[in-house]
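Down below is the structure, laid out as structure tokens.
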């Protein structure tokens, strides 16, 4: 049997293509309450609902930012939240031409029988939740699987388990009208070289697309959110051109042309690094049947967060910092970023957190 055809097939295909529009990308603002608490703590702001809402309102109403975006990933709390003047965030995004998305996984747990590898929870009741999220205005979803590189990792067991979970999630989303973002993140932690990362990335993506095929997922109505192929965090850095070459080659070998767009995660790179690497990929003269874009969280928000510091009088400057990063990444999706963005506070600092939990 070929791809499963849901009653939403045409809508899924149109929305996936829209999210992949060159010149646009995704703002990942789906941090769990615990994770956003750590971000707020870094600027000495208390983790209460009002402050979380204030930060998200700052992001979603920043002048000039929304035209650079095609989607924003929300945490469940934010899907139902309103701005200070009583307007649903979902409506603010839609009016700005941005599709709302929703994080649907329930985090990772250790995979029994492995050396600290993980699997992602959240399949129980997923169909009902997707239906509810669609009714609330969400049009795409995200599920993060996490793999690590070690002497014997990732194991075949971990690769298979995570690929299967992603495929199961993807088909359930499509049954309920949500475009699934398939995110198999290979953590940057370690001292491995770029060749090792490339080999592991190819193995993981090949397994994911085999699982998606086995589950009859409509590839035209999906997006891929992979890591860039880079050396490990404890290894010497390489140039954006080298990262671009290894990343695009790994994708050419594994990602079917039916997939409309690949939206990279930033994986703890600095804001500027992530943008330069994406730009280098789009400048590569080679076969790329999918658009290459971004789905950045930390790499879009860091300088904004530092500029804001929880103070009302800093909102305008913080929104300007967000616009600068959105514009830079918009240009990077077209391969036209000149590296001339005004670097905000924190734009050049590494955002790597070992064993990162979202």
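Yeah, the Cβs are placed from backbone N, Cα and C, and that goes for glycine too.
Because the structure is a prediction, the values reported are computed rather than measured.
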Listed residues 42, 84, 291, 350, with the one flagged phosphoserine by Swiss-Prot:
350
Have a look through 56, 249, 298 and flag the one Swiss-Prot assigns to the substrate site that 39, 266, 267, 268 belong to.
298
What's the CA to CA span in angstrom from residue 225 (active site, schiff-base intermediate with dihydroxyacetone-P) over to residue 173 (S-nitrosocysteine)?
16
